[in-house]
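What follows is a single structure, written as structure tokens, with notes after it.
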Amino acid sequence: MASDGHGSERQRAASRRLSAIAGHLRTAGQQQRPQVAGIHCKAESSSDGEEAARSTTVPRRRQEVMKWNGWGYSDSRFLFNKKGQAEFTGRRYRLSGMVLPSLKDWFESTFGASLQHKSPATATLNASAVPFPSLNEAFLQDLKSTGIPFSHEAEDRVFRAHGHCLHEIFALREGKFGRVPDLVVWPNCHEDVVKTVDLACRHNVCLIPYGGGTSVSSALECPPDETRCIVSLDTSQMSRILWIDEKNLTAHVEAGIVGQDLERLLNESGYCTGHEPDSMEFSSLGGWVATRASGMKKNVYGNIEDLVVHIKMVCPRGVVEKSCQGPRVSIGPDIHHFIMGSEGTLGVVTEVTIKIRPMPEYQKYGSVVFPNFEQGVACLREVAKQRCAPASIRLMDNAQFQFGHALKPQVSSIFTSFLDGLKKFYITKFKGFDPHHLCVATLLFEGDRERVLQHEKQVYDIAAKFGGLAAGEDNGQRGYMLTFVIAYLRDLGMDYYVIGESFETSVPWDRVLDLCRNVKERIVRECRERGVQFPPLATCRVTQTYDAGACVYFYFAFNYRGLADPVNIYGRVEHAAREEILANGGSLSHHHGVGKLRKHWMPESISDVGIGMLKSVKEYVDPDNIFGSRNLL
Amino acid sequence: MASNTLYSPRDPALKKRDDFEDILEERRSSSDLRYALRCYVPVVYKGIAPCKPGVLKTAVLQSDRLRHVVAEMSKETGESADVIREEASGILEEMAHRLRLGTVRFFAYSLSKAFKALFQRVRVNEDGIQRLQQSIQEHPVVLLPSHRSYMDFLIMSYILYTYDLSLPVIAAGMDFLGMKIVGEMLRMSGAFFIRRSFGGDKLYWAVFSEYVKTMLRNGYAPIEFFLEGTRSRTCKSLTPKLGLLNIVMEPFFKGEVFDVSLVPISISYERVLEEALYARELLGVPKPKESTSGLLKARKILSEDYGSIHVYFGHPVSLRSLAQGRINRSQYNLLPRHIPRRPSQETQAFVNETAYRLVRLQEENMVLRPWVLVAALLLQNPDGVDMERLVEQTSWLRGLAVSFGAFLDWPDYVSASKAVASSLALHTGLVRTEGGRAQLAMEPKEPGSPEEDLFDRAASVLSCASYRNQILHVFLRPALLGMAMQMAEASRKDDIYSCFSFLRDVFSNEFILCPGGTVQDFDEACYMLTKCAAVHVQKQEVVATEKGQRILSFLTSLFQPFLKGYQVVCRFLCEDAPEGFPESEYVAAVRSFAVKRILSGELTCYEALSSDVQKNALAALLRMKVVRKLKVGDQVTLRVNKVAANTLENKLGGRVSTQKALLARL
């Protein structure tokens, strides 16, 4: 293998990696992949004739590839087939086309749901139910003269009126629309954005930047009482890598590029960013910056704030950027930190210089089974203490472990099922692990082969001290797959009266166990008190380790049969869960952001003076509230 | 408001209470030995981390909290950490329980025998047991029984064993360890021992609190302690002590447990074993030191009949729901949780209020026997009363008590005359019935000096009062209103309210009056008296009705002894107390002052001799700043504001015509 040409080895590694993590995205043949482009703005050099030919993973008319009322690609969805077995349609993912024999039992026993009780979504978007756009004619006139593409078709506007919060998707499935943007524009480059913002300021139009649309904080919701024309600024057409600097290992990229394109394009040159949030198929670079995103491999590559070298943002006040690319500077408070986490309230991020790394030579999944969650957390803490965390290390609790198991595809041979049985016997009978308490940590190692193997041994040795048993690559890989398909699974649940969502926090190490237990218990108690007829699924995993704490991720779902207003009850329970998190020393958010969903807690989270600081920045940068999404503050 | 989650004061008579089962019934018909040796598999807390007492000790000694305190002390004193750790280990050794099933079985056997000999019935509300069983599985449980007798914790453990529930670990006073073998046996049946006072001992506090918290967090066993801190010698609930309550609440505040269930338990005795002992103690005959031989001497009590015991397991109170909206738990976010910190003011207020509410719950579920009513009536008629009249009055009082929500164990099929007769029969030591008259047994058995006779009489009054005291909580609020109406000498609601508030303040060391609950108590009192048509409450006025005279005069004279007792203390402070006399001599001095006045005929109220009343009065006076404590050397002396004491006495005696001026001066 080592004797292979360097380039082909890289290529192979690239394709292997993509297949492993994001799943095979089998792009349709007629779609041509985006290229590393020149620095010229396309809008300047080309007329509208070329627009149609241009295509990226994300077309302007997103609804042609993606669901308008659910997660992800239209061709990929879970369903229960005629035999009552779950299967995943399409050809994009490793799981695509497979039958998942145990999902039904898990689904029915966990939620008390039944395949007989369906709650299907409205099939098609009824354009006449969408509020008529209130357009600012003067703005529209000026916009036309710039040649920037725009649309006020109902489908385009509805698509950009929401993120993926439960209440947003639930409303769409019922065919209900609140305030939606009046206009969608697709700038092609930084200059286009400057022009758009300029016009918006001149005509007092409200702008809401739109990247991947994967927000789960109500950040994309249009304020219902906004009387101005709301323009959704879709950055998806700004998706080129403008240059790659191999000397400094940086790439300058337009902010609209989505994660999977960024990785694929860089992989072609032998590089990667290593930034892989669970939403990376759809979320955009600009969105990551605007929400302070975190990737699952942050232990090797860092979170977005560690990755970003330079940001260009267009604000009503002008363009903000630093004048150099020094790796670290002491020039007052870092203006990047006003931008990161600003959630579209200050301006639009148009271009980002981001660190890149040579693609890892070798990748290996792994998993460890622990007798209980407490031991697992203790192990993760020790790993963090010794600063030897693999690229990713996650600890799933027992419920999530069982969830993961329900997603096992049909085993192809008797031999595999025999082996599985043997493994199970070894762990539960021979080692005496209680199947209702054991939990599993999934691992992902990256680097050169030698080091990975060495690293792997170090981690497994630590795990052994906490009673952990190595449980194979397969378990590990399936754990990561779960996070990519979970959003598709939610759509399946919603077809059968089950609603749910995830939320996250970060918390000091000594509080991890207490927080996990109390939040789960609070969810169960709140559900009971609010009349939910079936016990909810409340499960968590520790998804990131830091020196001083960890990131904890919760899944919460329940069967809402018999409830008049399930979304309202869902919201109240989630609210209570967040209160519990805060009372237990957890943060308001680790990486999802605040948006409008959590801004209620901002003053207690950052103090009144802190709020004042943010407000004064907003007042200077955007005095007329052009970026009027009303997130954060 | 939190109060609503605990109880609703409106119409207490409607309170639904559970039925009782006699657990001795089965014991009388089957083998005690088999019972003691039966298979005992209690349900346990779902999050339990099972461990042996030894492991528990290690966990405590190695806890972050203790390590922190040891390191700090070592820094302060220069002593090596090892020495301090050794000391901590010694404290823990002295404190820790060593629960052993064998000992428990021994107790199960011998207590069965003893209980059958002593009591007619031990009755338990089984619904409460079921609720408790549920709670034990869900959350760490804290058992909070009332404390009237040494029997209390034996009874508690016995009942839990009988119902196959986890045996509690019990906080007991160190004095028990004085009883050689018994102390160790109690230890092996789950008692752990704490010193009565360890004010400034940081290490002791750390070991003690960490020990309790560790058991709570692990769900090791239900934790049992007495909110009242000590046995109530008067059978009236004592104002709660907060130390242990603070400790068991902290794990919840700091997020270490999801919730804690607080279970108020009311244990009521038809006859308290220590009856005679208590009266002597209150009169200044010191409490005998707990000793094994003393206990053996107590064997003679085995031959007497002590009637029945009622144990009512109240509804578990969720600490989480109590704290909802009251305690901001994120206040603990910024300091490592093992570093001890004084609770914030809001936390202290919350703990205090909760403690009072829990004691009130204990009071409310305290089963009262008809005898309690009889005792109250006899005390109001020191010269005796015709049996017929006594029966009529008892029957009348029953109606009143029930309408005020008393938990009376007096089934409808038992006639008043029968109830009175059987009450008197059980308490022949206290009551003389001759020639159709009933009277407190006041004549001394063998005449001695006038003072000795006086103490004998006082002893039987105080014994009798200890039964009357059991029902005071039912009448307290309406009685305070009645007294306030008398005191105000007018019917303006505002005046009455201010007198009510004054009285309530004076008596807040004497009775269980939740801090800050004046308005609520006033409304409750108005409601109760209106309900029985004793008063008319209008917008501006409160007027007594014709029919209400009997009720009001009963109520005011019910509480007269306390009013008198406080007056005597004030009088003493005005007339007899030397300037700056030591606190330690206070009780003896007041007592001899009162004795003189009784002998001279100026005073007829024997209850003024009770050291309990005297101490409570002093506490009230200190609180009201009529008396101040001064530390001179290592002696604490009292300084009296004689003018204020005089005014207070006058006001209590209702000898003031211009109350406005008085209020201004107070």
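Placed from the backbone N, Cα and C atoms, the Cβ positions cover glycine too.
TrEMBL annotations: computationally assigned, not manually curated.
TrEMBL has this to say about the protein:
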ACT_SITE  A:Tyr553  active site, proton donor/acceptor
BINDING   A:209-215, A:291-294, A:343-349  FAD binding site
BINDING   A:Arg490  substrate binding site
COMPBIAS  A:1-12  compositional bias 'Basic and acidic residues'
DOMAIN    A:177-359  domain 'FAD-binding PCMH-type'
REGION    A:1-61  region 'Disordered'
SITE      A:Arg394  site 'Important for enzyme activity'
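For A:Gly344 (FAD binding site), the nearest of the recorded positions by C-alpha distance turns out to be A:Tyr553; the candidates were A:Arg394, A:Arg490, A:Tyr553. Counting only same-chain residues six or more apart in sequence, the Cβ atoms lying under 8 angstroms from the Cβ of A:Gly347 (FAD binding site) belong to A:Val197, A:Met313, A:Val314, A:Cys315, A:Pro316, A:Val320, A:Ile339, A:Val621, A:Asp622, A:Phe627.
In this structure the alpha carbons, written CA, of A:Ala293 (FAD binding site) and the residue listed as 'active site, proton donor/acceptor' are 14 Å apart.
Here the recorded positions are A:Arg394, A:Arg490; the one with the fewest Cβ atoms within 10 Å of its Cβ is A:Arg490. Neighbour counts of Cβ atoms within 10 Å were compared for the binding-site residues A:Pro209, A:Gly212, A:Gly344, and the top value is held by A:Pro209. On a Cα basis, A:Gly212 (FAD binding site) lies 25 Å away from A:Arg394 (site 'Important for enzyme activity'). A simple way to gauge crowding: the CB of the residue listed as 'active site, proton donor/acceptor' has 22 other CB atoms within 10 angstroms, across all the protein chains here. The DSSP secondary structure for A:Ser215 (FAD binding site) is coil.
Of all the binding-site residues listed here (A:Ser215, A:Ala293), the one with the fewest other CB atoms within 10 A of its own CB is A:Ala293. For the domain 'FAD-binding PCMH-type' (A:177-359), the model's average pLDDT works out to 96.
Put simply, the residue listed as 'substrate binding site' is 26 Å from A:Pro209 (FAD binding site) when counted between their Cα atoms. For the pair formed by A:Gly212 (FAD binding site) and A:Tyr553 (active site, proton donor/acceptor), distance between Cα atoms is given as 21 Å, rounded to the nearest Å. Straight-line distance linking the Cα atoms of the residue listed as 'active site, proton donor/acceptor' and A:Ser215 (FAD binding site), rounded to a whole number, equals 16 Å. Annotation note: A:Pro209 (FAD binding site) sits in a strand segment as assigned by DSSP.
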